[in-house]
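> Quick paste from TrEMBL:
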ACT_SITE  B:E435  active site, proton acceptor
BINDING   B:T153, B:G192  FAD binding site
DOMAIN    B:150-257  domain 'Acyl-CoA oxidase/dehydrogenase middle'
DOMAIN    B:294-450  domain 'Acyl-CoA oxidase C-alpha1'
DOMAIN    B:492-635  domain 'Acyl-CoA oxidase C-terminal'
REGION    B:1-20  region 'Disordered'
Protein chains: 2
Amino acid sequence: MDISQQERTYETPMADKSTPSSLARYLDGEFWETKDHIREEISQGEPFRTSSYGLTLDQNRDLTVERLEYILTRPLMRHHLKDQMKEKQPGFIAKSLGITELICSADMSTGVKLGVVCGLFGGAVTNLGSPGQKKKWYLPVTDSEFTGMFAMTERGHGSNVRGILTEACYEPSTQEFIIHTPCEDAQKMYIGNSMKGNYASVFAQLIINGDSQGPHCFIVPIRDRHGVMNPGVTAIDMKHKEGLHGVDNGILIFDNVRIPRTNLLSKFGCVSADGLYSSPVQNKSKRFNAMLAALTPTRLGLTVQAIAAMKLGLIIAVRYSHSRRQFGPKDQQEVKIIEHQTQYLRLMPHLAAALALTFTTRFAACMMDHALCKGEVLQNNSSLQALVAGLKAYSTWENLACLQECRECTGGMGFMMENRIPALKCDSDVFVTFEGDNVVMLQVVVKELMTQFTRQLGNSVVGGLIKTWTSSVSDRLRTSFLGFNVDTVGDLSFLLKAVSYRERVLQRSLATRLYNKVEKKREEFFDAWNSCLHHVTGLALAHIHRVTLEQFALAVQECPVEEDHTLLTKFCLLHGTSLVYQERAWYLEHHYLTPTTSRQIRTQLLELCRSVKDEALKVVSDFNVPSCCIQAPIAGVANPRAEWAFYSAPEHPITASKL
Amino acid sequence: MDISQQERTYETPMADKSTPSSLARYLDGEFWETKDHIREEISQGEPFRTSSYGLTLDQNRDLTVERLEYILTRPLMRHHLKDQMKEKQPGFIAKSLGITELICSADMSTGVKLGVVCGLFGGAVTNLGSPGQKKKWYLPVTDSEFTGMFAMTERGHGSNVRGILTEACYEPSTQEFIIHTPCEDAQKMYIGNSMKGNYASVFAQLIINGDSQGPHCFIVPIRDRHGVMNPGVTAIDMKHKEGLHGVDNGILIFDNVRIPRTNLLSKFGCVSADGLYSSPVQNKSKRFNAMLAALTPTRLGLTVQAIAAMKLGLIIAVRYSHSRRQFGPKDQQEVKIIEHQTQYLRLMPHLAAALALTFTTRFAACMMDHALCKGEVLQNNSSLQALVAGLKAYSTWENLACLQECRECTGGMGFMMENRIPALKCDSDVFVTFEGDNVVMLQVVVKELMTQFTRQLGNSVVGGLIKTWTSSVSDRLRTSFLGFNVDTVGDLSFLLKAVSYRERVLQRSLATRLYNKVEKKREEFFDAWNSCLHHVTGLALAHIHRVTLEQFALAVQECPVEEDHTLLTKFCLLHGTSLVYQERAWYLEHHYLTPTTSRQIRTQLLELCRSVKDEALKVVSDFNVPSCCIQAPIAGVANPRAEWAFYSAPEHPITASKL
């Protein structure tokens, strides 16, 4: 690093040391102590007293390695990672997500690399490996002896991961697997940590005597600790990306690379010395599904990464909007830009969504921890899979929309790198693509919703199922419908019913359409599904919207401090109003809203946004993000690299947020 | 530059040399020969046979200087710039925009710097200066002897430019102006070319004997040709931005800088030796407006910059979508990703919008050329001002939405820098902010629409005017309303009526609301306006939507080749359908659409997108953008810096686009 320490250090205001408010504690949740500890470690950590913009690719990657090492060597972190080796650790997922969010707040590249090394590589070894394999390949990671990578995606198969082509042929004479890339399309692509890591968990078709047993996961040495490549392995640097400059993505090509038989992670399938395959799961498709379960926690991890980015963007944009003045009544002082109707209308719904996502993610983590402690195969839990896939898509899109508004609402200042928003946008842009493209995720949601329904009915014939489903949900639909009352659009109960109604009607009509196409008209399923794709994605989003509003409402209900309860109630109403407003055309089409109530919803949205604009300062403060993570001069954090850009922090327009 | 020539050269496929199709020629318009000439110059130009990602800030700026010099020294370009010195050159604006679009396709930073040097600095000198001043300060620019910058925006006044604080005090004893930055808020900020340029056109309050005559424009020497700073001038480098890395933005601070009396650009105001002020425009506000007219052409320039970015994104995303395969019917080859309903639904409306913007910008340029040839003050032409401001906001937002879809629709490949889309996004992100923040632009649109109306009625009393207006437009409204017919939502005439109806209703209701607030309730105008801001922005967008659809429809009508006419008709219908679909909630609220017709609009949108997805390949090809501008390996342009990323160009799914 050729950047002098003097130049790269942020000033850390004393304000950081104050005791968090009751709301901050409530937003932190159960593991607030762990999170406080991580906040302290990040604030104290030398590698985080800097910003990474304007560095060369190599400098950026080196800084990320430095940061990752710092994180991995913290005693709390080492302890936590060793818990990952054990099974059924209560709250492990929730705690991991809390830690992930804060590390991503400090630096997205470091967070993503942590996800690759511990979440994906670590997840593969600990979920798919035997106790001995965990000890051999993950214990050293927790001791910072080496790092790993996760090689699933191929050039030819990004989203459609079942079709991967990399081969692992068993050779009984040497008791080895021969890992091979048979064609260009089989190259492992976008592999994170591939230019630095030592071992890869490689997904390949397991072939014994020419027969494929489907994809399995193998540990393949890539390079030793001195960087010397394993013979037969080629790693091509993919170099420059839009963001995540600290993450070294590359292509892995295997030319008949030999690994011992024992390098097959053996939980869901193993091969005896003489080449006999055995597995606890007979069905190939189910087996692969079980293996994919290892991905579920990291998919939820992506949601907290998106939340981290959103919160930072909102902190910066809300603070600046309360500090910058422009335009105003004739011959008077210009007003704060937050006072412009368009400004609060652009920012406040995202703040409400950030809160909704915080509570919904906590709920999902809790479900997942619960399932894991019961020893469930996550992949078989349809509600959880639908929730995680839906959250991934919704949160990552919502984050991009939020950051774009934050960028635009901070004007030219928001285009400057020292103000953080541009890098957050560029880093998190790929979240909508990786760990499952969002459009694919939305299809997963709908497939899971359907599976869930099949199971409830104990019926496996798709056609019949859809038919029954269609009629069986109509009563509940009617209830929602009749629950509508002109006077109550401002009630949370109205909003909850509305989002629930929409999900169910979309579900019913999709089932009917698919049934007609597949069963009656005998269309190929792919074509029938594809012709309904707009409907499918609409349903998936309706599902996740409904869940976020419900979870937000529950969190409000459980909030113990009256003042916080009152504040959160307003944001919860805003979130619900914003969801219904976005889809008001659909509600009008279905006579759920009348033209008059639809306009009421718009008025209500404007009014709620106006009413929370000042309290927004308290909320972003209660996100409790350390100054060294916020970095932005326009948010009142001085940066010696851009002294000219400093804005003093806003004064709160109200001393107490009583209603 | 430390990048070897070998490494930075693109391969230029022979395909470039083929004769453009009739559609390509039609899309190019009147100045197709000039555009072909520029295409040739760019394709031959050494500085453009490279891509600029991954360079350091200095390398990037140096490359941009190299590119700008190359462009400015082309004979065609020198000839064109000398035309800028003359007044009333027919077609000058249209030609300039054609050139700008192509240079921006090649490199956005070069296009923006060209805009600063010739459009803004050049525009200030040629529009506000005397013949002698033009010869002194712009002729040398056309001969590449020095470059200039445009210093209007200040730290304290970005959008609200009337409030600038920089001072220019006249000192009769020395016959000098003293240019001074009295406080931090008066610093000139974001000034492009400020680290490289020699002269600045500085907007400052002209003060004589302590009285301000309002903002005027002064030529201030910044640094000589060897880079030595003029005493009293400080330039602070603003360094790293989200994009436009080749543009050197900085802060200018003046510490009592003395310039001769003759450095005041004198067309709208001059000071005699003994300090007497005279101006052909007595009203200060009108005078400043007249000066701002110099900005109008560059504002329209921004629209073609956005169009250039959109077209590139669409070329890359459409080609890749026709080449990449993923998912498909069971046991069959995977399908091209363009076949997925969501994929064509995400891309096709933007392609239609790009065409609409192309024709609308041509219309605006024609209006502007016409007005200039008649010697009109552009600032007094309300329709033109509304159109240019609205186009600026709509095109730059539409571009960002389009590029984001292109990024996501090209998956992980769209996140890689060599595939161009990330840089296009980052470069053009600030377009929504600079040359007038989009939210401010939308307010300009509505204010101009109102002024236009006032003028038509020959009535200057705002209240009375609005009242009259309200009743006078109601007839036309009714006609639109009655024109509605259930069977015709697929007709262009229905769509044209719909967008026109929406604009007029929004206009009428806004007028009524403002009238009630200002005239009846005696609210402060700023507060009344601010409480209607969501309405105002909605009206402004409705206005520009209507104009784009009308201009698209006219261009279709005038298209001479039947095959092209048929193709454009479908895209025009798609654009109209997409505009109405986006606002279907509003149409439902106003009973302009019934629930049934609203659903028909959705079906029609899906069907139109599906029906043009294959012809999209022809359209993007007919954008006629040289390969060295496209650059992206996934669009079939090999890049030696990322050989692994190459995808062969798609084969056309249909040999002829006959319907």
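From the backbone N, Cα and C atoms, a Cβ is placed for every residue, glycine too.
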> Could you state the whole-number distance in Å separating the C-alpha atoms of B:T153 (FAD binding site) and the residue listed as 'active site, proton acceptor'?
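Cα-Cα distance, B:T153 (FAD binding site) to the residue listed as 'active site, proton acceptor': 9 Å.
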> I'm trying to understand the geometry here, so how far is the Cα atom of B:G192 (FAD binding site) from the Cα atom of B:E435 (active site, proton acceptor), in Å to the nearest whole number?
12
> Need one number: mean pLDDT over the domain 'Acyl-CoA oxidase C-alpha1' (B:294-450).
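That region's mean pLDDT is 95.
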> Which of the three DSSP states, helix, strand or coil, fits B:G192 (FAD binding site)?
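In the DSSP reduction, B:G192 (FAD binding site) maps to strand.
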> Long-range neighbours only, meaning 6 or more apart in sequence with Cβ under 8 Å: which ones does the residue listed as 'active site, proton acceptor' have?
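Set apart from the residue listed as 'active site, proton acceptor' by at least 6 residues yet with Cβ under 8 Å, we have B:L295, B:T298, B:R299, B:L302, B:K392.
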> What is the number of other Cβ atoms found within 10 Å of the Cβ of B:G192 (FAD binding site)?
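A count of 24.
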> Applying a 10 Å Cβ distance cut-off over all chains shown, what neighbour count does B:T153 (FAD binding site) have?
20
